[in-house]
Amino acid sequence: MGNTSIQTQSYRAVDKDAGQSRSYIIPFALLCSLFFLWAVANNLNDILLPQFQQAFTLTNFQAGLIQSAFYFGYFIIPIPAGILMKKLSYKAGIITGLFLYALGAALFWPAAEIMNYTLFLVGLFIIAAGLGCLETAANPFVTVLGPESSGHFRLNLAQTFNSFGAIIAVVFGQSLILSNVPHQSQDVLDKMSPEQLSAYKHSLVLSVQTPYMIIVAIVLLVALLIMLTKFPALQSDNHSDAKQGSFSASLSRLARIRHWRWAVLAQFCYVGAQTACWSYLIRYAVEEIPGMTAGFAANYLTGTMVCFFIGRFTGTWLISRFAPHKVLAAYALIAMALCLISAFAGGHVGLIALTLCSAFMSIQYPTIFSLGIKNLGQDTKYGSSFIVMTIIGGGIVTPVMGFVSDAAGNIPTAELIPALCFAVIFIFARFRSQTATN
């Protein structure tokens, strides 16, 4: 592609020789594939949760800890990933993330063979560490591949592939995992002999092998393509790092930036709310709708992903025409209202409200992210790393919601937790609205 860079201040890809904007179609397409791939891993967790809950006899709280193991990997990796990218490049962070992703997924084969729950959790942790690298690199990279003014649009466009990956993951998981071995009622399980029960539970676990081996192959293929593709270098990679100083100096500067601090809190709440809502949606349906099975309830989970996908398209269109923080405020307020309906109405009404809520979650993550890293300049890498670290919210809010549901004796009451999270996001959006014109 020639001698290229992305300016730190304007965040615009240019050709040094021609002095004109360049179109990085192939790099952008490969970056979009990463958004697809990490959506697959994230949303397969919502399939694994009810599968492991029956196979390993877990309570709602214990099942929520699956997300804790997963998101802890997200929590610890962004800072090391940011340091790696500072010393090398965004591309190095992406390749590292893909290899970790493949390694973690590969562990599912031996874990299923020996039916070792701990090894599954280790695999999920490693997958999440890889995804943390990918998100730390890809999210800011997408925002700087062009004019800063259209960074929100590019990130939301890339996140559309994330929504598509979420739909594929649920359909993929439903057909190859949940439907492969039908879940049995407790009455049926009680009538099984110890040998039959053991064989049945092992069959539930073995059903995850094929899907995750397919994932390993695809991830390694994408890693190879990225290794062979030339990506534009960021000017900060080559010129600004000397001025950036130490990690502590960067953190000190970031701590004084109010919109970044709010973005960290808002993103923690968003990931927590989204993960909790999706993780317990199948349980919500089974508990609230008489005769509902986990396999059929997965159709509602697919519906949430379709709503998410549609919401992403409409949200991206709205953001191209209205101020991003105003669209975010409206979406957060509607999502909060739908969670409250699911908490107090229950039944089919609550389930439909919970399904529709995903349409209004759709643009929240990328919009919070792009608002949070705006004007961070030389601190963009570390600033984005901290925002990615807030994904630990999915590992904290989910078990909290599980604990509340166990204590209340039902899932709907626990929907008040994500409603509270969306209220915080609404406050963040209003904060952005008040300061955007100052």
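Counting starts with 1 at the first residue shown.
Backbone N, Cα and C define each Cβ position, glycine as well.
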Determine from Swiss-Prot whether N375 and Y24 lie on identical sides of the membrane.
-> yes
Rounded Cα distance, in Å, between E135 (site 'Important for activity') and D46 (site 'Important for activity') is 20
Counting Cβ pairs under 8 Å that sit 6 or more residues apart, are there three or more between the transmembrane segment (151-178) and the transmembrane segment (27-53)? yes
Stretch winning on C-beta pairs under 8 A with the transmembrane segment (294-319) (pool: 194-227, 258-287, 348-372, 411-430) is 348-372
Highest Cβ pair tally under 8 Å against the transmembrane segment (118-144), stretches 194-227, 258-287, 348-372, 411-430, lands on 348-372
